[in-house]
Amino acid sequence: MSVNEQAVRAASAAHPRHPNSPATYGTAGFRAHSDTLDSTMFRVGLLAALRSKKLAGQTIGVMVTASHNPEQDNGVKLVDPHGEMLHSSWEAYATQLANAPSDEALVATLKQVVQVAEVDLSQPAKVVYGHDSRPSCRTLVRAVVDGLTALDAEQVNAGLVTTPQLHYLVRCYNTAGTPQAYGEPSVEGYYQKLATAWTTLATGRHLLPALTVDCANGVGAPKLKEFLKVVGQDLLPVITVRDNHTLAGNLNMNCGADFVKTQQCPPRNVELVPWQRYASFDGDADRIVFYYADGTGTFHLLDGDKIAGLAAGFIMDLVKDSGLGVKVGVVQTAYANGASTKYLTEVLGVPVQCVPTGVKHLHHAAESFDIGVYFEANGHGTVLFSPSTLAAINTHTPASPSAAAALANLRALVDLINQTVGDAISDMLLVEVVLLHRQWTPAQWDAAYTDYPNRLVKVLVQDRHAFTTSDAERKVDTPAGLQDKIDEAVKEVVGGRSFVRPSGTEDCVRVYAEAATRSTADELANKVAGIVHSLAGKGPKPASFF
Ligand code: G16
């Protein structure tokens, strides 16, 4: 069987390539200004159909979202059968298809991909697609559908969903009716699974004061509210703010996890009541960070690193108490605060692995542990239980009533955690369970260790692809000479650490710096940003980078 060239050519003609359409499938798929994405979406639809055919008709996911990016941007990424990110070997095909300069070239590239990837076109294809709350989604989703239709893929429209809900659905479709069945393949099934697990873990405990959640004015707002209706406010008191996902210009604007993490302050116009718990989702609800103000009004961030420490410590206690002989490991990136890595290795005694930015890298590394906890400092992460650990959790015979209780909690935790990808709703529940069981205030959680002061800066450059890195992004290889200059700057600062890497989701280079004091961390960040700017920057050098 061969590609229906006429159908593809005709469909492609309705989705001409924009000269500025994104060139590479990056950290989280394609991302760019929404006006440039129509042809990219159509071509991703084609690729999703091919990917499903390659995998003998297993369901593939397509999520239309630009997550933390501003509202005018959009993006798209593919989800593989177990709910994980598209296998990296197929990213190049996505890039090739997106760059084909004409309808004719697209047909030729498509045929080439079919040949090189050895896709059997006679296989069926099934794709589930969803989108976040961006106004551009409506038309862009239609382009995806046109791509799927051109290759006769069976389609399931998940509609408005959070990114992790789409990942969940993909895994559910592919495991339905097997011993690994992940759950009901519906958003209601997702809510039921999480609510049941939460009820098991929370019943009979003293409730904590309500958690206030900033929904970034994104899809997380309606979805969190739907979930709260299922679980019941009496068992999970939550107040939502920044929860208007339909008002133009609102999404991620001065709020949300990315704003709070990078600005190190609460969402604009949210007054923090001292010692109360707050959390912020990002635009597609796959990230979460927590925070609170102390008695002097000082802001304290509890980011992905703090979540990793909290979760790892709790799970290690449950493993020990239940008598299960399995090991916990943690995966971080270069952005992890040095103090968090020290806490994990020296206080918790847990092995820590450092990998490049991007969920696919963390997820993959976490799979090598019995229980792998992975979190990026920006609040993206989850916990993975290996198949043998799941089997042990299900079959282990506890030696005492307290071991039985720990085991029951571990079993519920397996269902509470979305193991396909980082999930703001599920991670919110994970943190809340630990705080509930420990009866901890946010300050008690925060007391585990004190972050080294740090700063993250964006630098606009001529060509971010000119920046290449190694050693899990801790060293920059090109432009030549840059690393030596960074090393010199770092040497001058007590406790200094800094690295530079190209963003995979925005057109910029990111500079991270940490040091012993706030002022030296800021100085170091500014200095390294200045070095990058003078070497490869675009536009006038900003007076200050933050
Ligand atoms: C995506 C990725 C994350 C990554 C973030 C920033 O998150 O899924 O793994 O940390 O982008 O990436 P970069 O620094 O390369 O721009 P999200 O929440 O935007 O989908």
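Cβ atoms are placed via backbone N, Cα and C, with glycine included.
TrEMBL annotations: computationally assigned, not manually curated.
As annotated in TrEMBL, region 'Disordered' covers the listed stretch 1-27 rather than the other ranges in 1-27, 55-81, 244-270, 460-486. Around the Cβ of D282 (Mg(2+) binding site), the number of neighbouring Cβ atoms within 10 Å comes to 34. Residue environment of D286 (Mg(2+) binding site) contains 34 other Cβ atoms, counted within 10 Å of its Cβ in all protein chains.
Most Cβ pairs under 8 Å to the domain 'Alpha-D-phosphohexomutase alpha/beta/alpha' (59-91), among the stretches 113-177, 204-289, 303-440, belong to 113-177. For D284 (Mg(2+) binding site), the nearest neighbour among the listed binding-site residues (E376, N378, P502, G504, R510), judged by C-alpha distance, is N378. Listed in sequence order, the residues T65, H68, D132, T162, T163, G218, A257, F281, G283, A285, R287, H380, A424 complete the 8 Å Cβ shell around the Mg(2+) site centroid, once S67, D282, D284, D286 themselves are left out.
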